[in-house]
């Protein structure tokens with residue numbers, strides 16, 4: 001496509017609008033490089049993509065490229081064997097998830113968007129790679145312990161060493177004499193070594209290795225000799241950790257490298273889908289439509305609006321290519337002739353680039369082999385070219401490249417030289433363009449071109465409308481009528497004396513004056529007819545609006561009636577449900593009352609039974625002498641063969657004989673301080689004195705009582721499900737943070753937690769100091785320390801709580 005035409009018609013600004021709506025770097029690159037195509041099949045495919053994406057957008061199912069990252073460099077590095085960083089691997093996982101989501105979405109909308117669904121089918125399935133990355137890399141971009149058993153072992157040993165180092169250092173910190181030497185009673189980290197902040201004047205009092213110094217020079221960060229060996233062991237483990245992490249990253253990168261072809265195809269498809277989504281957004285924002293593609297070079301724009309004007313443009317209707325091949329537009333300056341040319345040209349470029357055009361449905365455009373435009377004064381001052389020379393040079397270039405099926409747009413054709421010669425040259429150029437099979441639109445002020453268009457086949461006049469009442473152009477294009485100059489009428493309106501205007505008319509030939517008057521009369525009549533048509537259209541629109549309002553009011557009334565009916569039904573149903581609930585409650589109360597009555601009657605029956613048992617026991621005791629005389633076999637059989645006298649000790653589960661009630665029972669609890677024992681006889685639980693009991697001679701074996709569950713140690717019991725052992729205070733004020741800690745520690749104690757991790761960030765250190773002051777005074781906090789390597793460092797405090 002002709003670069004001068006693209007620049008003149010400002011197609012680069014359309015590309016900029018499109019690029020701003022793309023979501024990914026690769027998609028933006030496609031938008032920025034967009035070019036119109038002269039291939040009808042390619043144009044149809046591009047427009048189909050845009051229309052499908054717009055249909056999804058209008059349904060609320062627009063293409064969401066969220067999570068897609070630019071992985072082109074990462075994939076190339078993976079192919080070369082260079083291990084990717086954890087953040088890059090997370091980008092890979094995010095892109096794999098986005099591709100999976102898009103593939104599913106497009107499969108669900110295949111009927112609406114079959115072309116886009118074909119791109120969705122090109123998106124690879126990387127679920128296994130994504131899962132492995134998620135397992136191995138945390139959301140914070142760190143390699144997780146679960147990435148490999150070796151890494152888990154190394155970090156476990158590191159934590160053990162870190163705890164031993166901290167315990168030794170915290171012992172030093174708690175020493176009152178040591179506290180005199182410290183700027184703060186804390187353990188911190190410098191260069192991956194655990195150190196104490198020692199006042200510089202007490203350097204000799206704390207033997208150890210100096211690893212850092214504060215900016216003010218008042219504090220030395222010293223690693224006491226007591227933990228140097230442990231620190232060295234920790235350092236060696238840290239090196240082992242680094243090597244294992246490198247192996248893990250290489251392994252994950254290899255998963256990407258082995259699917260490099262699928263990743264390349266996926267990234268290309270994602271970029272193109274992003275491009276389609278941007279086209280749909282631009283279409284919606286411009287209130288644009290898909291133009292109908294004609295199978296021949298033609299233009300039929302219905303209420304077209306130039307998309308780049310800073311104010312809302314007046315829609316234009318223009319057609320070219322069916323009844324005529326050349327359109328000559330005349331009219332006053334600033335009347336909209338140039339805007340019309342640019343609208344025609346830009347619409348053709350947008351359509352052939354696969355973009356919708358801001359017009360009404362029914363707009364039809366052909367696919368042109370070339371689009372040329374010579375618009376405006378592009379003369380070169382350095383080259384000392386005049387306006388006429390500049391235009392003629394541009395037209396010469398157009399004629400040299402011209403092919404059949406081209407669209408040529410010429411502004412002020414033949415201007416800048418003698419009017420007679422300029423008009424003659426303009427007619428010859430238009431005649432040549434028509435003969436070469438091109439469509440042409442030209443603007444001019446020359447009356448000779450009006451006559452040329454009137455007499456020549458397939459050449460048509462057009463004019464931009466001018467309102468003589470307001471002396472302003474209406475920017476409406478009138479095809480079929482040449483434009484009058486309106487010079488004399490404008491002069492009269494602006495105050496030129498009528499006598500001067502009449503004298504000016506006398507210098508015109510009778511034919512010229514007659515033509516100008518006729519053109520003015522025709523244009524005035526056309527304007528009046530257009531006004532009447534507009535009034536009729538407005539009246540029809542008002543009638544339609546009133547009819548529509550009436551239908552809407554009727555529909556709202558019916559909806560309101562339905563709502564009232566539904567509300568009444570709902571209220572009735574609610575009332576009925578409430579009555580039913582109340583009835584059920586009454587029935588429940590009656591049932592409860594009956595149960596209470598039955599319970600009272602049962603209690604009375606039990607009391608009566610006890611009385612009868614006591615009476616029977618009295619009768620039995622009166623027979624005891626006779627039973628003694630008869631020997632052991634005469635003992636009451638209900639007691640089994642009881643041992644003589646009350647049992648010296650009783651254990652739960654033993655079978656005894658209750659003498660006062662003449663029944664056997666099972667001991668539930670040992671004797672209390674009052675000598676009372678709880679036993680169960682059948683369904684009855686009784687408290688009786690030990691003296692009223694006899695141990696059965698051969699009791700039935702009783703199941704040993706279930707041992708009371710031992711209270712689990714906190715380590716074994718674990719933390720209550722649902723409780724998090726991590727509290728994030730970042731972004732809170734000190735007061736809010738302390739309130740959060742207070743409640744959190746209560747919850748931790750109730751949950752059985754013995755260690756909690758409090759994230760306060762690094763910053764100025766004010767929040768950390770406030771947190772640690774609070775922990776130091778809290779009665780449930782046994783100790784606390786700063787986070788170690790892999791725990792957040794100075795930005796985290798780990799507290800040990802009392803065991804529950």
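Every residue gets a Cβ built from N, Cα and C, even glycine.
According to TrEMBL, the protein carries these features:
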| type | residues | note |
| --- | --- | --- |
| BINDING | 331, 332, 333, 334, 335, 336, 337, 338 | ATP binding site |
| COMPBIAS | 625-640 | compositional bias 'Low complexity' |
| DOMAIN | 727-802 | domain 'Smr' |
| REGION | 617-652 | region 'Disordered' |
Taking the Cβ of residue 336 (ATP binding site) as the centre, count every other Cβ atom within 10 Å, in any protein chain shown.
24
If H, G and I count as helix, E and B as strand, and all else as coil, what does DSSP give for residue 338 (ATP binding site)?
helix
331, 332 as binding-site residues, winner by CB count within 10 A
331
Return the count of C-beta atoms lying within 10 angstroms of the C-beta of residue 337 (ATP binding site), excluding that atom itself.
27
DSSP tally for the domain 'Smr' (727-802), helix/strand/coil in that order, comes to 33 helix, 19 strand, 24 coil
Within the domain 'Smr' (727-802), what mean pLDDT does the predicted structure show?
87
Around the Cβ of residue 338 (ATP binding site), other Cβ atoms within 10 Å, all chains included, total 18
Which three-state DSSP class does residue 332 (ATP binding site) fall into?
coil
